[in-house]
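S.K.: Here it is, the structure, as structure tokens.
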Amino acid sequence: MKSYEIALIGNPNVGKSTIFNALTGENVYIGNWPGVTVEKKEGEFEYNGEKFKVVDLPGVYSLTANSIDEIIARDYIINEKPDLVVNIVDATALERNLYLTLQLMEMGANLLLALNKMDLAKSLGIEIDVDKLEKILGVKVVPLSAAKKMGIEDLKKAISIAVKDKKTAEIKYPNFEPYIKKITSILQKDEDLKKYNLRYLAIKLLENDKYVEEIVKNSKVWNELKPVLDSIINELSKKYGEAELGIVEERYKVIDKIVKEVMKKTSGKLTTTEMLDDVLTDEKIGTLLIIPFLWMLFKFTFDVSKPFSAMIEYFFGFLSEVVKSSISNKFIASLLADGIISGVGAVLVFFPILAFLFFAISFLEDSGYMARIPFITDRIMNKFGLPGKAVISMVMGFGCNVPAIMATRTIEDEKDRILTILINPLLSCSARLPIYALFAGALFSKYQGVVILSMYALGVVLALITAFLFRKLIFKTSPSYLIVELPPYHIPHLNVVLKNTWERVYDFLRKAGTIIVFGVILVWVLSVYGPSGYLGEEVFENPQLIANSWVAVIGKTLAPLFSPMGWDWRACSALVFGIIAKEVVVGSLAMLYGTGEENLSSVIAHAFSPVSAYAFMAFSLIYLPCIATLAVIKQEIGWKWALFAVTYEMILAYVVALVISVIGNLLF
């Protein structure tokens, strides 16, 4: 079977992931790009007896290689030379999207344009002459609406034709053609350079691109080219200030001409998006509205998920009893029932909460509102010393700190990036939610949503204060500002929301099936063994026995340090195991208190006071990041900063928990 490799590329929020999923279905492979931890998604599909491998490149606005994502996209297209590059273009923002298109054409890529969101463009009064656009660019243009699955078959057909009918389209830049021609006439004298598109090399040399400059410096023609290039750049610098700015200006002149020829906007009235943004992005009103929006999100999550959690809780309690009564070998029965089933069950009981939370977040994302939160809060972030782009990473931190830290790669300034990474673990990821849900349900049942929301708010407040102090004491420079795309509002597409929800829930389940199982088994082993050897599986029913275990030794060693908070050795031990993954804390508590998930809430209600429980939640929010987060911090900014993060978070967690305990006990 003949096979081809194609790449999908486009600006962020153009529907690239939706098109990738529509093309590949479930045939998706997720890994990392070589040398970095940026996620690499690959998939495949078959059409007319041919196989197509699809590579989903990171979302980028340009290929100027100022960020890791841009470098990955550029290097892949230049070095891997895919059979076809499918450029996803947002029909509602044609002018902005065509900038990347022109850069791809400059590279000499075999190009196909997928003009997405045509239905939305039509509703906004935007008309695009697809045939004329195709003629001007010299590449095939396929109109579609991926969210409604319209045009996907047309896209597959166009791909199957374009991979065979390879051609390089070229856009002329009138004011720069003489310079480009002069440079390429020298470059073509070196046969080794002909593996690259010479026009692309010439344009990038005019832009002072260091990557291309290094390629040409090692060529046979560099000595001849250097004085010619310097002369041209000096001439352009006098005219434009910088030669690079001249190229950018020329691209936008071409884009402006194209847009005027192919696009008409028939509606002159205010759009729904413009009317909503007058209110929702207002500096004062918009900021105030964020709080009730987030409160409703949490209210929805817990009210709807409660009966589903109760059913899972009952199932795992029943399963644990069945295993104990069915397996004669008490060691194996205890490992399965008290270890794996009890521990994992205590975590999975929060699966509905996470599912509905992710659903609500995906709903807000697809509606277009979530993108406004960074925009609305940008000025506030700058007052606390954070760069504008940090807001995007912070919002992602509410899902998982690992991808949130990776997202800081779009921050160009190194000090800004390090600062953003250091404060990100203070933002409450979804893995901490089971801890909050357990304690809030056990001791604050009437105010469960408010208590949990307060944990998220506490994390944000601490992150902002920490950022302000670090900016003053360590990173003594001004933060950069945010440039972010605000997509139009629209009614969320259920299939897109469900797809995003499932991907996030699946990540949680995958983690629950690996790290959590390992964690609870480790806790079980340390519980049934002690300094004197094997204690027996009865430890979970006999508090006297488990008090002699290794896990008790660990907890009792730490207990005096945490006695002001009112926590016993079991609580201290659970926090230690939470370093593996925060989800492990709940499973550890279930085993250490010798109960299944069905009775854990009542046990917690007796073991903790409201004040000590709230302090425990706060400590869980702030203290050491999980192993995965610590590993990615080390990879991104090194061991020095990773150890710094561990140290300051432990100190901060202890101080905050102590303050809550002291003040709480004085007041209540």
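All residue numbers here begin at 1 and follow the chain in the order shown.
Cβ coordinates come from backbone N, Cα and C, glycine included.
Pulled these from Swiss-Prot:
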type	residues	note
DOMAIN	3-165	domain 'FeoB-type G'
BINDING	Gly10, Asn11, Pro12, Asn13, Val14, Gly15, Lys16, Ser17	GTP 1 binding site
BINDING	Asn21, Thr24, Gly25	Mg(2+) 2 binding site
BINDING	Asn21, Ala22, Thr24	Mg(2+) 1 binding site
BINDING	Gly35, Val36, Thr37, Val38, Glu39	GTP 2 binding site
BINDING	Asp56, Leu57, Pro58, Gly59	GTP 3 binding site
BINDING	Asn116, Lys117, Met118, Asp119	GTP 4 binding site
BINDING	Ser145, Ala146, Ala147	GTP 5 binding site
TRANSMEM	344-364	transmembrane segment
TRANSMEM	386-406	transmembrane segment
TRANSMEM	418-438	transmembrane segment
TRANSMEM	450-470	transmembrane segment
TRANSMEM	515-535	transmembrane segment
TRANSMEM	574-594	transmembrane segment
TRANSMEM	613-633	transmembrane segment
TRANSMEM	643-663	transmembrane segment
S.K.: Pick from Val14, Ala22, Leu57, Met118, Ala147: which of these binding-site residues has the biggest number of other Cβ atoms within 10 Å of its Cβ?
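M.R.: The largest 10 Å Cβ neighbour count belongs to Val14.
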S.K.: Which binding-site residues from the set Thr24, Ser145, Ala146 come within 10 angstroms of Met118 (GTP 4 binding site), judged by C-alpha positions?
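M.R.: Within 10 Å Cα-Cα: Ser145, Ala146.
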S.K.: Whole-number answer please: how many Å between the C-alpha atoms of Asn21 (Mg(2+) 2 binding site) and Ser145 (GTP 5 binding site)?
M.R.: 13
S.K.: Give me the stretch from 386-406, 450-470, 574-594, 613-633, 643-663 with the greatest number of Cβ pairs under 8 Å to the transmembrane segment (418-438).
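M.R.: Answer, by Cβ pair count: 386-406.
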S.K.: Distance between Ala147 (GTP 5 binding site) and Lys16 (GTP 1 binding site) at the Cα atoms, whole Å?
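M.R.: Just about 10 Å between their Cα atoms.
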S.K.: Using Cα-Cα distances with a 10 Å cut-off, which of the binding-site residues Ala22, Gly59, Asp119 are near Val14 (GTP 1 binding site)?
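M.R.: Checking Cα-Cα distances against Val14 (GTP 1 binding site), the binding-site residues within 10 Å turn out to be Gly59.
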S.K.: Return only the integer: C-alpha distance in Å from Gly10 (GTP 1 binding site) to Gly59 (GTP 3 binding site).
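M.R.: Spelling it out, the Cα of Gly10 (GTP 1 binding site) and the Cα of Gly59 (GTP 3 binding site) are 6 Å apart.
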S.K.: Please identify, from the binding-site residues Asp56, Asp119, the residue with the sparsest Cβ neighbourhood, meaning fewest other Cβ atoms within 10 angstroms.
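M.R.: If we count Cβ atoms within 10 Å for the binding-site residues Asp56, Asp119, the smallest count is at Asp119.
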S.K.: Give the sequence-ordered list of residues that share a chain with Gly59 (GTP 3 binding site), lie 6 or more positions from it, and have CB atoms under 8 Å from its CB.
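M.R.: The answer is Gly10, Asn11, Pro12, Asn13, Val14, Lys16, Asp69.
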S.K.: Are there residues at least 6 beyond the ends of the transmembrane segment (450-470) whose Cβ is under 8 Å from a Cβ of it, and what are they?
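M.R.: Contacts of the transmembrane segment (450-470) (Cβ under 8 Å, skipping residues fewer than 6 from its ends): 294-295, 298, 302, 381, 384-386, 390, 394, 398, 419, 422-424, 426-428, 432-433, 436-437, 440, 444, 614, 617-618, 621-622, 648, 652, 656.
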S.K.: Measuring Cα to Cα, how many angstrom lie between Ala22 (Mg(2+) 1 binding site) and Ala146 (GTP 5 binding site)?
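M.R.: Cα-Cα, rounded: 7 Å.
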S.K.: Rounded to a whole number, how many Å is the Cα of Thr24 (Mg(2+) 2 binding site) away from the Cα of Asn116 (GTP 4 binding site)?
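M.R.: One finds 17 Å between the Cα atoms of these residues.
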S.K.: Which one of the binding-site residues (Lys16, Lys117) has its C-beta surrounded by the most other C-beta atoms within 10 angstroms?
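M.R.: By the 10 Å Cβ neighbour count, Lys117 comes out on top.
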S.K.: 10 Å Cβ neighbour count around Asn21 (Mg(2+) 2 binding site)?
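M.R.: There are 20 of them.
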S.K.: Could you tell me the C-alpha distance between Lys117 (GTP 4 binding site) and Leu57 (GTP 3 binding site) in angstrom, no decimals?
M.R.: 19
S.K.: Cα within 10 Å of Ser145 (GTP 5 binding site): which of the binding-site residues Gly15, Leu57, Asn116, Asp119 qualify?
M.R.: Gly15, Asn116, Asp119
S.K.: Six or more residues beyond either end and a Cβ under 8 Å away: which residues meet both conditions relative to the transmembrane segment (613-633)?
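M.R.: Tertiary neighbours of the transmembrane segment (613-633) are 37, 401-402, 405-406, 421, 425-426, 428, 431-432, 435-436, 439-440, 442-444, 451, 455, 458-459, 462, 515, 565-567, 571, 575, 578-582, 585, 604, 641-642, 645-646, 649-650, 652-654, 656-658, 660-661, 664.
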